[in-house]
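Asks: This is the structure I want to talk about, given as structure tokens.
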Amino acid sequence: MRGAEGGGMALWRGLRCCRRAFAWLPVLLIALLLLWSYYGYVCELCLVAYLVVFHILFVLFVWTYWKSVFTLPIQPGKKFHMSYADQERYENEERPEVQRQILAEIARKLPVYTRTGSGGIRFCDRCQLIKPDRCHHCSVCAMCVLKMDHHCPWVNNCIGFSNYKFFLLFLAYSLLYCLYIAATVFKYFIKYWTGELTNGRSKFHILFLLFVAIMFFVSLMFLFGYHCWLVSRNRSTLEAFSAPVFQNGPDKNGFNLGFVKNLQQVFGEEKKLWLLPIASSQGDGHFFPMRALSEARNPLLTNEEQWEEDGLDEEPQGSGEASSLAIERET
């Protein structure tokens, strides 16, 4: 029996290692395409007149991609984790209503304002912690990630509070990189099409540089545009599909503070750092200003655009009288 169990554990570990190795294939693919584009543009075509701008975009592309891949997601701080005494008390309690009371007591000491769909405390039974606002459990990374946006296979990393700015800059600079290559190679593609080019190797690189650049430019344009819209509304990808729930019910604009302040949430207040892959986002990822609190302090804070959006996006609010707390278990 022990031998069979040991063999099963070894097989499971082997499969897990294989999965982790395969997860790096998209990153390896992008790295190879990037190196090939550099070789084809600089070494084969030798477009000297365009090399300065090309190298600037190349460096920014590599820098932002590196930061997106290797900036580790941030987990909630210790104060959101259950203490050993609370964990033991919670696990030994069999009555669900008492378990809810235990979670409610712990949550009162924390800056937590979002709830589950049923109005309960957001609790992760895998990480044994009270989830901060906008925090979600990533099943791929096997951890709770602050302000989780999504898990991106192209960077083999979870996009969240720590690297969302780097991810946006990566999309922007890769978009400009592809556009620049396509624009500068296009006239040589015309020469290839009309038969003016005789170098066979140059023909190959011109054709595939243009094709790959246009293909990635189109796909990146839609993805970058979508994330620009999310930033303007101060939403994550998860919140765009499922509105965050507050004590008064779901509100997709709960964190919308206005266009300028929404930008500052991601890029910071120092505009000179906005275009550089340097951490400058506001806060520490555990608490985020909410529109409801801002309006309570200053009813004139919201502009006309927010009022119009409220009229278009208004959703039926759930009853605020439901005081029962539920335990959230997310995958």
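Using the three backbone atoms N, Cα and C, a Cβ is placed for every residue, glycine included.
Remember, TrEMBL labels are computer predictions, not curated facts.
These numbers come from a predicted model, not from an experiment.
Pasting the feature list from TrEMBL:
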COMPBIAS  305-316  compositional bias 'Acidic residues'
DOMAIN    121-241  domain 'Palmitoyltransferase DHHC'
REGION    304-331  region 'Disordered'
TRANSMEM  21-41  transmembrane segment
TRANSMEM  47-66  transmembrane segment
TRANSMEM  166-186  transmembrane segment
TRANSMEM  206-226  transmembrane segment
Asks: Count the residues of the domain 'Palmitoyltransferase DHHC' (121-241) that DSSP assigns to helix (H, G, I), to strand (E, B) and to coil, and report the three numbers in that order.
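Replies: With helix first, then strand, then coil, the domain 'Palmitoyltransferase DHHC' (121-241) has 70 helix, 16 strand, 35 coil.
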Asks: Cβ under 8 Å, sequence separation of at least 6 from the ends of the transmembrane segment (47-66): give me the contacting residues as numbers and ranges.
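Replies: Here the qualifying positions are 30, 34, 38, 41, 155, 166, 169-170, 173-174, 176-177, 180-181, 184-185, 277.
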Asks: Where does the mean pLDDT land for the domain 'Palmitoyltransferase DHHC' (121-241)?
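Replies: Looking only at the domain 'Palmitoyltransferase DHHC' (121-241), pLDDT averages out to 92.
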